[in-house]
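Take a look at the structure below.
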Ligand code: GLN
């Protein structure tokens, strides 16, 4: 199974390691023309405005839209959620209204033990870093985890998106869940 990792900006090395640990090979994507040969796409954390600018310059934004239309699973984490969701910086692939930097300066970065029923009963330690949040989702979106401020993990058909960083603490379960989406697609 080949996962395209958009590797223009952000925490690429950590994502590569986490996806490999979950059992897939990773193809870093810096230019157009590569994504088509992959089974799924991961858009990592970073800085969404810079990310979007670089993607547009390379034409990768269009390839992600096409991958989605072809039913290829896409996983956006943190800035990747901003990109797949709806906001002025996003592609609007998921019917979810996203607010960037939703936690302000006071809570720039924090960890939460999340209940994520689709991953089993053990809580998932989630790291939030200048994180976005999902304020509203449409009827086709499945809410997989939330905290008091809003929704932090959601799925709509073949798109998965998290407000937190699942790649940092060595818990492979969320990437394994995504790889099962890729297998089923
Ligand atoms: N605050 C960043 C943005 O909205 C996302 C932060 C992150 O990916 N850790 O672009």
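Any Cβ shown, glycine's included, is placed from N, Cα and C.
Because TrEMBL annotations are produced automatically, they should be read as predictions rather than curated entries.
Residues 46, 47, 48, 129, 130 are recorded by TrEMBL as L-glutamine binders, and the candidate that the same record lists for that site, out of 32, 100, 155, is 100. Summary for the recorded positions 100, 130, 165: the Cβ-based neighbour count within 10 Å is maximal at 165. Cβ proximity to the L-glutamine site centre (mean Cβ of 46, 47, 48, 100, 129, 130, cutoff 8 Å) flags the following additional same-chain residues: 10, 45, 78, 79, 82, 101, 131, 132. Residue 165 (active site, charge relay system) has 78 as its nearest neighbour among the recorded positions 46, 47, 48, 78, 100, going by CA to CA distance.
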